[in-house]
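**Student:** Dropping a structure here in structure tokens format, bear with me for questions.
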Amino acid sequence: MQQDSPYFLSLYSAAAVRAMDSNAIDNIGISGSLLMKRAGRAVFEQLQVRWPDCKEITVYCGGGNNGGDGYVVAAIAAQRGLRARVAWLVAPDELKGDARAAMEFARQEGVEFLPRTQLDDPAGVLVDAMLGTGFSGELRAEFAASVQQVNSSGLPVIAADIPSGVEADTGHAPLAVRADCTVTFIGRKAGLYTGAGGACAGEIVFDDLGVPAEVREGLEPLAHQYGGGVHLAPRPADAHKNLYGTVLVVGGDSGYGGAAMIAAEASARTGAGLVRLATRPEHVNATLARVPEVMASGVVSGQELEPLLEAPSVIALGPGLGQRPWGEQMLARAGRAQAPLVVDADALNILAGGRVLAGVRRDDWVLTPHPGEAARLLGCSSAEIGRDRLGAAKALQEKFSGVVLLKGYGTVIAHKRGCEIVRAGNPGMASGGMGDLLTGIIAGLMAQGLSPLEAAYQGAWVHGEAADRVAAQGMRGMLATDLLPVVREIIG
Ligand SMILES: NC(=O)C1=CN([C@@H]2O[C@H](COP(=O)(O)OP(=O)(O)OC[C@H]3O[C@@H](n4cnc5c(N)ncnc54)[C@H](O)[C@@H]3O)[C@@H](O)[C@H]2O)[C@H](O)CC1
Ligand SMILES: [K+]
């Protein structure tokens, strides 16, 4: 995968970023105190951009270099005439090295210092400089109380480097500052882009602190963020539908016909040449009534499905499949078909049961579990999946091969060479049918020639982007079918 190409940004572990810091200090000769000054200035400048009328800041400072960044922010704010208070969690006289120098800089500039335990009136913009990449384990009591005070203040919050309480590598954050904006330095931390950490970070602003890219040489990213866009070849004037593949959607057991219809329509709206739906006979008329362009076939057994498995260029399996014998028969047959597969929803739950396709691994399938389905596939709890989303997606990819797309905040796409993260979408997507829509989009992109991996990350982006555009009219009550016309707009 390209390093930092326009579409991919490298995301690192805390250890890798600390190595960059030391590289910058020891090999490039940029002092730690200069880096800290630049870090503090980067936070202050972002604060002014976002809240230009801000007249007061309250800086929560920890006892390490993250705290040092906070003292620099406070000193610069005081120099610019703002009221700046530092609520310290570790006594200023206990600070060492660069952080101590930063604290003295703030003191000289007339910054007010007070113990955080005596702060009962946080005001202005809050600056979170309690913990950065040095955080580990459980938040100590005073830090937990401070995080709670920040989160319940109702005031704007900007975080230095990483919201305090977020684990930089995984995004695990049982209790962490919820920031409007995070200014992260020198290397992007993977934990800011997925899971709870991604939700706490708010808008992420990266500042390299003037450190040359060579400090990152030889340091393996944990993942890459996909920067967005869908890349399909332009269509020649004499295009015909066979150029754009055939999707077969298999799903829609009794009572779940809608899921399969949404997936089929999504593939059509994504630009597949032909879309066929193999579903329970009782859903055929409803499908034709809603989207006559989809060829709906009623199938009652695996036998009846067999002849439909030859033609498609890609098979999307799982929307509304159910976990009854009918669904198991469909999975048993389709799972061995020639065509590449997108496997979702109950097809994943049947796989997790181990009775159907036991031990099957394919390089050409895309599995698209949400955390609950991922937990069943790995035999663990959803909480453990949330604890380390990158690790969970990689474990699933090792177990099943192919591409694994783990849904949730900051979609993680694991493949044999690494992980991509797509940070698009919003809470309006927490409604039935959204997963079926994604399955159809990914299948539609594969039908048009994208690889399973390209279809997974570009499909996840299209899905999130469509939801973000529809959310402009409000998130609550957003339906999967509301996104269908917008998918078409984006794919354009
Ligand atoms: N190193 C550099 O040149 C630069 C660093 N920058 C900033 O520095 C932090 C990393 O600083 P570090 O001192 O390594 O760690 P932290 O300040 O993040 O925290 C260490 C501090 O926190 C205490 N601590 C650890 N775990 C917990 C916990 N669970 N509960 C409470 N307290 C905890 C620990 O005892 C230490 O006292 C980096 O993020 C940047 O913000 C500059 O910005 C760039 C140059
Ligand atoms: K912080």
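Glycine is no exception: its Cβ is also placed from the backbone N, Cα and C atoms.
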**Student:** With Lys407, Gly408, Tyr409, Gly410, Thr411 listed by TrEMBL as AMP-binding, which of these, Gly379, Gly435, Gly440, is given for the same site?
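**Tutor:** Checking Gly379, Gly435, Gly440 against TrEMBL: the AMP site match is Gly435.
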**Student:** For the K(+) site that TrEMBL lists with Asn66, Asp128, give the additional residue from the candidates Ser22, Ser31, Ser33, Ser164.
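**Tutor:** Same K(+) site in TrEMBL: Ser164.
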**Student:** Which one, from the binding-site residues Gly68, Gly408, Gly410, Gly435, has the smallest tally of other C-beta atoms lying within 10 Å of its C-beta?
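**Tutor:** It is Gly408 that, of the binding-site residues Gly68, Gly408, Gly410, Gly435, has the fewest other Cβ atoms within 10 Å.
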**Student:** Taking just the CA atoms, what is the gap between Gly410 (AMP binding site) and Asn66 (K(+) binding site) in Å?
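**Tutor:** Here the two Cα atoms are 25 Å apart.
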**Student:** Using the alpha carbons only, what distance in Å do you get between Asp161 ((6S)-NADPHX binding site) and Asn66 (K(+) binding site) once rounded?
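**Tutor:** That separation, Cα to Cα, works out to 8 Å.
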**Student:** For a quick check of understanding: among the binding-site residues Asp128, Asp161, which residue's Cβ has the most other Cβ atoms within 10 Å?
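**Tutor:** By the 10 Å Cβ neighbour count, Asp128 comes out on top.
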**Student:** Rank the binding-site residues His370, Lys407 by the number of other Cβ atoms within 10 Å of each Cβ and report the first-ranked residue.
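**Tutor:** Of the binding-site residues His370, Lys407, the most buried by Cβ count within 10 Å is Lys407.
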**Student:** Just the number: how many Å between the Cα atoms of His370 ((6S)-NADPHX binding site) and Ser164 (K(+) binding site)?
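**Tutor:** Spelling it out, the Cα of His370 ((6S)-NADPHX binding site) and the Cα of Ser164 (K(+) binding site) are 27 Å apart.
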